[in-house]
């Protein structure tokens, strides 16, 4: 007998795991809108309080992938997603979105999966629109952008239509739930290389192991120890890496790469327009904390994408991509191509 919603809720209250096949069934009921908003809210809150297991998260991600509108990308050699869970409360400018242009200019293919702001001042979709990028493209058009420009942006609501059954519940609850954790695990192009920023150190090990179970090849999950869901200049960064089937955890420090330790206060923004202006400043080569933070994160992404042999080598490629103007040119190409394909 499949698990009932009431049984699943009881498990969470008793701090017991919902097993893989049970979680598949439960998640399909949620995605199909078969549960009432009250029951959905109770279960996802119960999971959060209990703490979701890697098995529960992996099963939920499998169902979200099953229900998603895919983007088919034939050339997957250096295909990478640069994504954050959000929820770090830092209200920084869109570092991973900026790093995407830099990584693409240095040779990665970026399939960026993102949405509007939930907890920050500016989500990736918000800043992309502020930059003039058309974010509502058909899957075939996104695949062409990846092939021709090296970047494709997948606006999450367009690829996860079943999430409409959960969206009102998430909004009303206003707290982090399993769905914050699932975003980086449900890239519609199923990129084999991933850089994920997370909002809590416990998620480093969870995300890297979930991505391993979901078939990823080279993954770096990062948590800035100052609370940032990015590789940070303000503190050490905890890294969980999956490479050649092996998982390792270690810290990296700005000084390891010749970067100055600096507070993230200078990276804070209040609107998508401010985020856009800071992002453009970085791509135009303005020196400072924003430039160095983006170079570090693009360097990690280039290492994850197997374009660079190490984070340090990736950082050097990132700096060169900005200095040459190639990163800014990528942005201009993406604006033009998305409008041509719209």
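Quick reminder: no glycine exception, Cβ is built from N, Cα and C everywhere.
Residues annotated as 5-phospho-alpha-D-ribose 1-diphosphate binding site in Swiss-Prot: 84, 87-88, 92, 94-97, 112-120, 124. Look at Swiss-Prot and you will find 84 tagged as anthranilate 1 binding site, backed by sequence analysis. Annotated Mg(2+) 1 binding site per Swiss-Prot: 96, 230, in sequence order. Taken from Swiss-Prot, the feature anthranilate 2 binding site applies to 170. Summarising the annotation, Swiss-Prot assigns Mg(2+) 2 binding site to 229, 230.
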Reduced DSSP assignment, the residue listed as 'anthranilate 2 binding site': helix
Cβ neighbour count within 10 Å of residue 170 (anthranilate 2 binding site): 18
Listed in sequence order, residues with CB under 8 A of residue 96 (5-phospho-alpha-D-ribose 1-diphosphate binding site) and six or more positions away: 82, 83, 84, 112, 124, 195, 197, 230, 297
Nearest of the binding-site residues (92, 113, 116, 170) to residue 229 (Mg(2+) 2 binding site), judged by Cα-Cα distance: 92
Where residue 84 (5-phospho-alpha-D-ribose 1-diphosphate binding site) sits in the secondary structure, as DSSP reduces it to three classes: strand
By Cα-Cα distance, the member of binding-site residues 92, 113, 116 nearest residue 170 (anthranilate 2 binding site): 116
Candidates 113, 116: member of the binding-site residues with the richest Cβ shell (10 Å): 113
DSSP-derived class (H/G/I helix, E/B strand, else coil) of residue 92 (5-phospho-alpha-D-ribose 1-diphosphate binding site): strand
